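Straight from TrEMBL, the features:
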- 21-42: transmembrane segment (TRANSMEM)
- 54-77: transmembrane segment (TRANSMEM)
- 106-126: transmembrane segment (TRANSMEM)
- 138-159: transmembrane segment (TRANSMEM)
- 141-232: domain 'CAAX prenyl protease 2/Lysostaphin resistance protein A-like' (DOMAIN)
- 171-190: transmembrane segment (TRANSMEM)
- 196-214: transmembrane segment (TRANSMEM)
- 269-292: transmembrane segment (TRANSMEM)
């Protein structure tokens, strides 16, 4: 399946470096425009009908859906108009294994997050209180599940589906992985509680997901991973997700930071800025790099 995805980008190989810069500007521009439009729609709705404030948890989920959906539409429109290509050029290859790949991503994302949480908890950095779901939040909880599915897909399409393969095809995939992953980290630069470790960890996550995506040859496994990582973190465990207190949309468990050691807990940004995440991501990168290299050697020897 990887051949089907990357084969479409062969003509990108000889393009000048200005195309790399254009791709990065376009990716950032799409993100900013989508957020501006989506946030403006919600803000206008609240001004028009102040009573909607009582449905704020639901609106936060809807806002995430609008922003992410616009991002997907804008990047697809850009690829269609500029390159004349479709969804498969973004790694969205539909087959009988699509659901299996997505499910595998969900399982991997959940397991990796729980390992990080376990390390922080064993270090005395976090405690949990079981809360359950308030019946009044059932709708918003359902909406936020859908929101995370679309949001996870939108960032994967933008970074791993669009930016990574285009720069990788022209400059080599090592360069593509590093550039796209640094861009992924920098997208979180202005989030609440952002720090050097936070940006480093998000960039390491980008490297891991890039290797994971290239190994499988499609984007679905990364989309599933991204969705599970955010949803379990924010709405199952009640932790901040990249500096955002997502638990307001509904949470099964309330996580409370018990230590002021931000190297352990990640502080306001959340556990994504902890050294536990650094260790887990480095281990995941090493494992995937080994598997990726082994698979390439096997393909070459055939």
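Heads up, the Cβ atoms here are built off N, Cα and C, so glycines get one too.
Computed over the domain 'CAAX prenyl protease 2/Lysostaphin resistance protein A-like' (141-232), the whole-number mean pLDDT of the model equals 93. Against the transmembrane segment (54-77), the recorded stretches 21-42, 106-126, 138-159 differ in Cβ pairs under 8 Å, and the greatest number is found for 138-159. Note on the transmembrane segment (269-292): residues 112, 115-117, 119-120, 123, 125-126, 191-195, 197-198, 200-202, 204-205, 207-208, 211-212, 214-215, 233, 239-243, 262-263 of its chain, located 6 or more positions outside it, place their CB under 8 angstroms from a CB of the stretch.
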